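Here is the structure we will look at.
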């Protein structure tokens, strides 16, 4: 009997060891907290609560630790007074608006060494200025603050700060110290809050800025106020300015923000109240770097109301999107715009004049009060959509060519005089020019370009380059000459076009390692991307695999290095190719086992200059060495087999350049970035970041079925079982 009893006790202990339990110190504080918030039974495992997410301390442990708290609505308003420091592994902390934090929480917040994120849906205390946030703390989201924000929030290493829905008592502190960490900032502004005019100076690395302006003049004791910025936002990519709607909106001038954002790529303005300072005359955004492709979006705003001529000019290739705004198209300079869309504009007017808009490729106007004709100039727009407006004139010939069914998809419904859904296609002006280029690339990325009149927008294997006048016909991968393709145009016309693939052209050689195997490579154009390639090296025919790469880069063909004929270092060898019946150039190369450059990236001044390049170059024969950047030759002024000095040309700022070092035909590439002249060229070590978006405005609950927690039998169950067995054997 004693043996059975001992075995039973052992079995119970063994089973208990196999179950997961929360860390005892965390269990005490969590049980008390959940009981006070939700009446949660203290005998239950806190990790099984929907508001708690736990994880095992490590892969072999049965002990769990609290990783995330998303505390939803409590039974009643509650102030957290418990000491939460036992939750040492907490990474995310979210509290409902009826749950309040105390200053003591922020006094020990630095003890949460893994804490990355806090979301509080109410803030009724000013965080102490001596608060020290954890080193890895990234995101602080505050809803409904009713107290002044502490300057420590703005001076801490937080990367993302989002503030929303302020209440009476909210204010923004004066910014004194520079904070290089903050990357994303969302900040509400009221008449009483104040606003720092040195944002760009205080946060030099800010990438996303959202300003929510409460401009409701109906509120008691509200008066006109304005906000401004001194300095340049050197790294700002996104700017969002939103105004609360009201019957009596306040008017703002935002020119100081829009005139100091040189690399912005997204501008969003919402709500009544934003205006352009009359003394400025025009918001000229053309200074913004065109490589950012700025997207301008305005919604339900008075920005362009009552303009007198042009008041907005964009950078090159920008897109302009308008929703529920009432303005004249004469307010906008279309010369730099690439895409234009306007939805629900109640201002009665004709379509925009696009004669001086050479970059415009897309026009989308929907449910707006545009009247009159569609001019012939709109036939060149690649992406055209004009339906559900009030156009009551005539359509151009390119639309007539398509008829009511296909053309109607672009411009109907509208009450035109000469066009409806039943209109038959009529296209006497359809014409294809005979003088097109008959040569195309073998990699399938190049199109056969044709020109003409009223060619339409698309068709099978057809894409518009300039709608109706210049189209590209997709040609598949292939090789050889005397090929043909038959295409059907949008108006139903069929035509056959003849073409040939470019002959092979050999540029250089190199080496490549794939899956542990080393290959000899030949670089060039006109290789076969479908089947093998016939290459002659020193009069010996060798079959290389089908080509790789292509597109913006040269093609690449490979052959196993251990099957290649043996060459002495710096010995000559000739290479030629026969692809699709077409012969390549014959080139003479010099063989080297290895050529390499030490630098991983080269950073150069955009004004041009001189730079050293280190590596192993295989020879002292300078006649075999050449250097180029994106095809432009550089002057080699000094050379040894381990170091060379070049004079390089000027270029626009950017990181899309490639330096090619060619030693006897062996080519090695190196990424090059051009920076503003005057800056010291150094390798870039700063990692790229992605602006965060505004977080959800509602608390989230952690599901209990995601594998992070497991249901456990309570200790009381085992004790009851043990007592029962003991009683049976006494």
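Please read every residue number as a count from 1 along the shown chain.
Including glycine, each Cβ sits where the backbone N, Cα and C put it.
Lifted from Swiss-Prot, the feature list:
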CARBOHYD  58  N-linked glycosylation site
CARBOHYD  124  N-linked glycosylation site
CARBOHYD  198  N-linked glycosylation site
CARBOHYD  224  N-linked glycosylation site
CARBOHYD  392  N-linked glycosylation site
CARBOHYD  420  N-linked glycosylation site
CARBOHYD  435  N-linked glycosylation site
CARBOHYD  482  N-linked glycosylation site
DOMAIN    504-592  domain 'IPT/TIG'
CARBOHYD  534  N-linked glycosylation site
CARBOHYD  605  N-linked glycosylation site
CARBOHYD  614  N-linked glycosylation site
CARBOHYD  621  N-linked glycosylation site
COMPBIAS  680-711  compositional bias 'Low complexity'
REGION    683-694  region '3 X 4 AA tandem repeats of P-S-T-T'
LIPID     708  GPI-like-anchor amidated serine
What's the number of neighbouring CB atoms sitting within 10 A of the CB on residue 605 (N-linked glycosylation site)?
20
For residue 534 (N-linked glycosylation site), which residues of its chain lie six or more apart in sequence with Cβ-Cβ distance below 8 Å?
541, 542, 543, 544, 577, 578, 579
Sort out for me which one of 435, 614 has the most neighbouring CB atoms within 10 A, since those are the glycosylation sites we care about.
614
At 10 angstroms around each C-beta, which of the glycosylation sites 124, 198, 392, 420, 482 has the fewest other C-beta atoms nearby?
482
Tally every other Cβ atom lying within 10 Å of the Cβ atom of residue 224 (N-linked glycosylation site).
10
So which of the glycosylation sites is most packed in, judged by how many other Cβ atoms lie within 10 Å of its Cβ, out of 58, 621?
621
Cα-Cα separation of residue 58 (N-linked glycosylation site) and residue 482 (N-linked glycosylation site), in Å?
67
Distance, residue 605 (N-linked glycosylation site) to residue 621 (N-linked glycosylation site) (CA atoms, angstrom):
29
Write out how many residues of the domain 'IPT/TIG' (504-592) are helix, how many strand and how many coil, based on DSSP.
3 helix, 51 strand, 35 coil
Rounded Cα-Cα span from residue 482 (N-linked glycosylation site) to residue 392 (N-linked glycosylation site), Å:
50
Determine the mean pLDDT over the domain 'IPT/TIG' (504-592), rounding to the nearest whole number.
94
Reduced to three states, what secondary structure does DSSP give residue 621 (N-linked glycosylation site)?
coil
Tell me the Cα distance separating residue 224 (N-linked glycosylation site) from residue 198 (N-linked glycosylation site), rounded to the nearest angstrom.
21
